[in-house]
Amino acid sequence: MSVNVNRSVSDQFYRYKMPRLIAKVEGKGNGIKTVIVNMVDVAKALNRPPTYPTKYFGCELGAQTQFDVKNDRYIVNGSHEANKLQDMLDGFIKKFVLCPECENPETDLHVNPKKQTIGNSCKACGYRGMLDTHHKLCTFILKNPPENSDIGTGKKEKEKKNRKGKDKENGSVSTSETPPPPPPNEISPPHAVEEEEDDDWGEDTTEEAQRRRMDEISDHAKGLTLSDDLERTVEERVNILFDFVKKKKEEGIIDSSDKDIVAEAERLDVKAMGPLVLTEVLFDEKIREQIKKYRRHFLRFCHNNKKAQRYLLHGLECVVAMHQAQLISKIPHILKEMYDADLLEEEVIISWSEKASKKYVSKELAKEIRVKAEPFIKWLKEAEEESSGGEEEDEDENIEVVYSKTASVPKVETVKSDNKDDDIDIDAI
């Protein structure tokens with residue numbers, strides 16, 4: 001079924017159509033992903049490379065994307081509904097496809113990585129302008145320009161160079177291809193020609209250009225090493241995640257990197273172990289303050305994930321081992337902070353407290369930590385009993401208290417559900 005490219009236009013005879021996006025969820029657990037089955041057809045209707053809308057979804061959702069161009073597979077990590085992605089595609093079309101003047105999708109992108117600009121030209125109304133490059137996708141477009149885009153010196157100059165090369169091989173220059181001499185008033189001075197030739201002679205060697213080329217190489221390398229990383233052992237992948245988080249902290253951007261961290265953990269297929277890495281990098285003796293500061297980071301891993309919550313508790317044990325003198329007496333308070341922040345569930349905490357493990361810390365320290373945690377564990381169990389006891393009180397509705405003249409204390413009798421018309425003989429009580 002096809003839909004209008006510009007879905008704000010309700011005209012059924014609108015000439016610009018595209019297929020409705022089809023999404024298929026594959027995998028389960030940490031490896032769950034959404035494959036956009038007909039992304040090639042959708043992108044063809046929009047006159048854009050299929051990598052652009054896929055990457056746009058990744059930018060908007062904060063998810064990792066994968067491109068298998070050879071097999072036409074375009075993947076967004078995580079589970080996403082087709083309707084949600086279709087609505088998100090409207091945003092991509094509005095920003096990167098529709099003409100700002102006539103709102104028709106007959107546009108071409110003109111990317112100039114050297115000047116870091118993205119131009120937009122419309123074949124319907126003749127509009128020419130520049131795109132706003134503040135969106136994250138623009139960085140990807142600058143590094144991966146469309147094949148039909150005019151890059152660097154442009155197609156004409158490339159064709160000219162190709163012709164020159166062929167002429168040199170043949171040992172002659174075609175007179176039909178020699179352009180007529182320009183008027184005298186338009187002849188450029190010799191030094192201008194030399195400068196232009198120098199620009200074409202070699203690559204741009206400025207520091208900014210070198211940095212861009214290194215970024216392009218690193219992005220390409222990331223794509224090549226994606227499958228290699230998944231072939232590593234779990235321990236090696238956890239170490240990669242540790243280095244990733246540590247680098248974010250050293251660069252001073254850890255506060256806003258929660259989405260990037262969880263995306264990297266999903267890419268490496270070690271999402272459940274993320275809290276173990278985060279505790280080692282982010283927590284020290286000031287852990288109670290840091291729980292509040294980095295709550296969002298941990299919540300992305302621990303929400304509805306009991307396995308991740310258990311790793312968080314193991315990570316807490318490691319932090320206590322490193323700062324035992326300062327933290328051993330504060331165990332109940334730390335657990336309460338994590339519980340109140342919705343990072344831990346009652347069931348997980350109680351299960352953890354019942355068995356000491358020597359996998360992450362010594363057996364003696366693991367037991368001591370659980371002994372120190374007993375006040376909080378007891379409070380959790382009592383609160384659970386009170387909540388279950390409140391339900392039992394509702395079952396006592398059919399009990400009625402009858403006072404006797406001869407007895408000094410009230411007598412409890414059960415009132416039967418079938419009411420009889422016989423009068424109660426008070427003297428017989």
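Including glycine, each Cβ sits where the backbone N, Cα and C put it.
Checking the candidates SER176, SER388 against Swiss-Prot, the annotation phosphoserine falls on SER388. What Swiss-Prot records as phosphoserine, among SER172, SER387, is residue SER387. Per Swiss-Prot, the phosphoserine annotation among the candidates SER149, SER174, SER218, SER227 falls on SER227. Checking the candidates SER10, SER79, SER357 against Swiss-Prot, the annotation phosphoserine falls on SER10.
Around LYS28 (GTP binding site), taking its Cβ as the centre, 8 other Cβ atoms fall within 10 Å, counting all chains.
Other than the site residues GLY27, LYS28, GLY29, ASN30, GLY31, ILE32, LYS33, THR34, same-chain residues with C-beta atoms no more than 8 angstroms from the centre of those residues' C-beta atoms, the GTP site, are VAL25, GLU26, ASN77, GLY78, SER79. Cβ neighbours within 10 Å of ASN30 (GTP binding site), excluding its own Cβ and spanning all shown chains: 19. When averaged over the domain 'W2' (231-390), pLDDT in the model lands at 91.
Here the Cβ of GLY29 (GTP binding site) has 10 other Cβ atoms within 10 Å, regardless of which shown protein chain they belong to.
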